[in-house]
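First up is the structure itself, then whatever we jot down about it.
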Amino acid sequence: MAQPPLPPPTSTIPPFVGLIVRILTFICLLISLIIIATNTEKSIDEDGNEDKTKFNDFYAYRYLISTVIIGMAYTLLQSAFSIFFVTTGNRFGGEGFCLFDFYGDKFISYFLVTGAAASFGMTQEFKRLAGSDNKFLNTSNAASIRQESEMAPPPLPSTTIVPPFVSLIVRVVTLIFLLISLIVIATNTYTTSVSFIDIKTKSTDFYAYRYLISSVVIGMAYTLLQTAFSIFFVTTGNRLGGEGLCLLDFYGDKFISYLLATGAAASFAMTEELRRLSNGDMDKFLNTSNAAASLCLFGFFFSAASSIFSSYNLPKRA
């Protein structure tokens, strides 16, 4: 695919607004880091010994803290660049640096939202299993909420550089991955025998897998709609709804790609925690769940590609 052109030299967003968003993002991430890193729960075991539960006892919370630290490092770097831009009026690295902003912000925002989703998914499942509110789990949820901040978008290219048939192919591939993911997770079951009675466990018995199914179904519905629009564009040469539909593509693709990323992340986190607790009894069920989440993740990759394409297809603003 041809190298995308550089963004136009003028920005529709004042530099100080971008700086404020960076600072707010950094503050949210710092608070999240402090909360999750200091979150502990003390309990007494059967022998009367005190047991201390920390965030690093859970895979999902380790991933959460990793996303926060990497997000903070990136945001701190971008804040320095924003301060330079505000104070001097010149963008560090020139206009070519906009591409670093564009792709870097997309990657970090996806990274952060998967960390929050993994933490939420595991926390809600453990709250359900515990049967009551838990201070440790509620605090973990608070840490997840505080990292969901969006970066200020850099100026975008003003001309369409992605051929319509390429967008159509990406939509179709996304739909295929999501359809297979839905079939796999919806048909995944696990049967155990207790006192000669078979007990069947389904994917819908777990919050994280329900969320995965919901995100895949919504993603399929949206992708099917966009596929129809793309077919119309390819066959007629005219965009349905005119240039105004570009905004639907732009925001819709962003929302759906975030939704799919969080669905896959929540499922992965829940699967790994269940694997750690089950001692190999549920491996087939969990491996199948991971396969469904992986297919959803591939669907996310192609949905994210569509999000980038729709960014470049936005009409130029004065």
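Quick reminder: no glycine exception, Cβ is built from N, Cα and C everywhere.
Given the structure is predicted, the values throughout are model-derived calculations rather than measurements.
Pulled from TrEMBL, these are the features on record:
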TRANSMEM  16-38  transmembrane segment
DOMAIN    17-126  domain 'Casparian strip membrane protein'
TRANSMEM  59-87  transmembrane segment
DOMAIN    166-302  domain 'Casparian strip membrane protein'
TRANSMEM  168-191  transmembrane segment
TRANSMEM  211-234  transmembrane segment
TRANSMEM  291-314  transmembrane segment
Residues from the same chain, set at least six apart from the ends of the transmembrane segment (211-234), whose C-beta lies under 8 A from its own: 121, 164-165, 167-168, 171-172, 174-175, 178-179, 181-182, 185-186, 203-204, 240-241, 245, 249, 252-253, 256, 259-260, 262-264, 266-267, 292-293, 296, 299, 303, 306
Same-chain residue ranges lying at least 6 outside the transmembrane segment (168-191) that approach it to Cβ under 8 Å: 198-203, 209, 212-213, 216-217, 219-220, 223-224, 226-227, 230-231, 233-234, 260, 267, 282, 284-285, 288-289, 291-293, 295-296, 298-299, 302-303, 305-306, 309
DSSP-assigned states of the domain 'Casparian strip membrane protein' (166-302) in counts, ordered helix, strand, coil: 111 helix, 12 strand, 14 coil
Number of helical, extended and coil residues in the domain 'Casparian strip membrane protein' (17-126), per DSSP: 86 helix, 10 strand, 14 coil
